[in-house]
Amino acid sequence: MDWVMKLEKLGALKWDKVVHGNQAWRLITCIWLHAGVIHLLANMLSLIFIGIRLEQQFGFSTLSVPFCNGSVLSSLFIQRSIFVGASGALFGLLGAMLSELLTNWTIYTNKAAALITLTVIIVINLAVGILPHVNNFTHIGGFLTDFLLGFVLLLRPQFGWVGRKHLPAGARVTSKHKAYQYLFLVIAMVLLIFGFTVGLVMLFRGENGHDHCSWCHYLSCVPTSKWHRGN
């Protein structure tokens, strides 16, 4: 189709172009392209509503760090189609919100309610990804990457440290962050470096993710006879 060829020329993510055409830049450019006005508006509105809370709390400079959009994982498992869209970044914000809640757990009042609400939203959105013609691997990749990145970028000072200015001279000052926050940060950094290293090595060696995970195709599309007839 003409529009597919145009998207490919503009920088859509395509496995053979990345691996055999030395066009790794497509892992980034695909996030700025969309398959139509409706696709663009849906992604942008979702990003605004989800990202506004994080930007208010942590500022534009923190959220301007380029969150991964799941392109690497998508390329490993979907190699016969092109991909465009910012939905990976959208799921990345959901992952960042979850890790932000966990790493700043002690400063929240309604902890259980916040965790349950966010978990339900994440599960519903990931479940939508198993519908045909939806690239759920980029959703999962963006979610997992920014879930880990949130432990690194979205730390908040604890209550004891925030109130240090009101303490008398010579009083013991509470540590800015809890020990578990530093532990989460270190673990997240190790997993991020390891995951990206393994993913990129597999990608540029031309490996297919399904060869290493026989059941992973169910994460993106659950095959049924009705969906098959409709394609």
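Backbone N, Cα and C atoms are what each Cβ position is placed from, and that goes for glycine too.
Curation does not apply to TrEMBL; its annotations are automatic.
Keep in mind that this is a model prediction, so the values were computed, not measured.
Mean pLDDT, taken over the domain 'Peptidase S54 rhomboid' (22-154), works out to 83 on the 0 to 100 scale. Positions annotated as domain 'Peptidase S54 rhomboid' by TrEMBL: 22-154.
Marked as transmembrane segment by TrEMBL: 24-51 (among others).
The feature transmembrane segment is assigned by TrEMBL to 84-105 (among others). Sequence-distant contacts of the transmembrane segment (84-105), counting only residues of its own chain at least 6 positions beyond either end whose CB sits under 8 Å from a CB of the stretch, comprise 7, 12-13, 30-35, 39, 43-44, 46-47, 50-51, 53-54, 67-71, 74, 111, 114-115, 118-119, 121-122, 125-126, 135, 138-151, 153-156, 180-181, 184-185, 188.
Within the chain, the transmembrane segment (112-131) has long-range Cβ neighbours (under 8 A, six or more residues past its boundaries) at 91, 94-95, 97-98, 101, 139-140, 143, 218-222. The transmembrane segment annotation in TrEMBL covers 112-131 (among others).
TrEMBL lists 137-155 (among others) with the feature transmembrane segment.
Remote same-chain partners of the transmembrane segment (182-204), defined as residues 6 or more beyond its termini with a Cβ less than 8 Å from a stretch Cβ, comprise 18-19, 24, 72-73, 75-76, 99, 102-103, 144-145, 148-152, 155. Residues or ranges marked as transmembrane segment by TrEMBL: 182-204 (among others).
Same-chain residues lying 6+ beyond the ends of the transmembrane segment (137-155) with a Cβ under 8 Å from its Cβ atoms: 54, 58, 62, 65, 67-74, 76-78, 83, 85, 87-100, 102-104, 122, 125-126, 129, 177, 181, 184-185, 187-189, 191-192, 195, 219-220. With DSSP states grouped into helix (H, G, I), strand (E, B) and coil, the domain 'Peptidase S54 rhomboid' (22-154) comes out at 96 helix, 2 strand, 35 coil.
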